[in-house]
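Student: The structure follows.
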């Protein structure tokens with residue numbers, strides 16, 4: 001079980017890093033490229049956050065019906081597809097089909113993924129060690145946010161565009177590169193889940209059925 005918990009926490013670091021990039025750089029695109037006011041940029045996130053919340057609430061029922069590992073892989077893959085789609089944005093990308101819909105996909109997988117990674121992060125822990133295991137989950141969460149965004153800032157700064165490129169075109173290109181970097185983080189997180197969680201016996205289903213119904 002320790003390999004399962006370690007893999008889940010490493011996947012959480014990468015997932016949260018990608019999520020921080022999603023929030024930060026999508027906001028930059030909405031305001032810096034599309035010219036949205038802060039209020040409208042916030043409203044644009046509402047559908048994504050709604051399905052995020054609903055996914056977290058639905059996690060116990062989904063696991064009971066389809067199994068913990070199936071739901072975890074499906075949710076993480078949904079966010080991965082959404083992030084890869086969002087990483088294709090350019091200055092003239094359609095808001096509905098190139099921004100809003102992939103944002104919803106990212107959000108749809110986010111709540112469920114984090115809920116189930118939390119279960120994996122504490123599965124099989126002795127009662128006296130539950131606090132320590134929970135603390136490690138929190139550390140992974142905070143570390144992922146800081147480290148992931150730092151990595152994506154480097155990715156954002158890396159592209160070299162031709163001299164004279166319009167500022168909004170350059171910004172959109174750099175944001176797309178950063179979101180593609182976030183896609184790579186999610187892909188590695190998925191590989192960690194497949195290697196350390198899915199292919200090993202897990203106590204997570206027992207925990208979620210017994211505690212979260």
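Including glycine, each Cβ sits where the backbone N, Cα and C put it.
Copied straight from TrEMBL:
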type     : residues : note
DOMAIN   : 1-201    : domain 'Major facilitator superfamily (MFS) profile'
TRANSMEM : 9-27     : transmembrane segment
TRANSMEM : 39-63    : transmembrane segment
TRANSMEM : 70-89    : transmembrane segment
TRANSMEM : 95-123   : transmembrane segment
TRANSMEM : 135-157  : transmembrane segment
TRANSMEM : 177-198  : transmembrane segment
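Could you tell me the structural context for the features on the list?
Tutor: Beyond the transmembrane segment (9-27), the same-chain residues lying 6 or more positions past its ends with a Cβ under 8 Å from any Cβ of the stretch are 41, 45, 76, 79, 83, 86, 99, 103, 106, 110, 113-114, 117, 121, 136-137, 140-141, 143-145, 147-149, 151-152, 156, 175, 178-179, 181-183, 185-186, 188-190, 192-193, 196-197.
When Cβ-Cβ distances below 8 Å are used as the criterion, the transmembrane segment (39-63) is approached by residues 23, 26-27, 30-31, 71, 75, 99-100, 103-104, 106-112, 114-116, 205, 208-209, 212-213 of the same chain, each at least six residues removed from its ends.
Here the transmembrane segment (70-89) has Cβ contacts under 8 Å with residues 11, 15, 18, 22, 26, 29, 55, 59, 62-63, 98-99, 101-110, 112-113, 116-117, 120, 172, 175-177, 179-180, 182-183, 186-187, 189-190, 193-194, 197-198 of the same chain, all six or more residues outside its ends.
Outside the transmembrane segment (95-123) by six or more residues, the chain places 1, 4-5, 7-9, 11-12, 15-16, 19, 22, 26, 29-30, 34, 44-45, 47-59, 62-63, 68, 71-72, 74-83, 85-86, 88-89, 130, 133-134, 136-137, 140, 193, 197, 202-204, 206-208, 212 with a CB less than 8 A from a CB of the stretch.
With a cut-off of 8 Å between Cβ atoms, the residues of this chain six or more beyond the transmembrane segment (135-157) that come close are 5, 9-10, 12-21, 24-25, 117-118, 121-122, 174-175, 177-178, 180-182, 185.
Distant neighbours of the transmembrane segment (177-198): 3-4, 6-8, 10-12, 14-15, 17-18, 21-22, 25-26, 69, 72-73, 76-77, 79-80, 83-84, 86-87, 89, 117, 120, 148, 151-153, 155-156, 158-159, 204; these residues of the same chain sit at least 6 beyond its ends, with a Cβ under 8 Å from one of its Cβ atoms.
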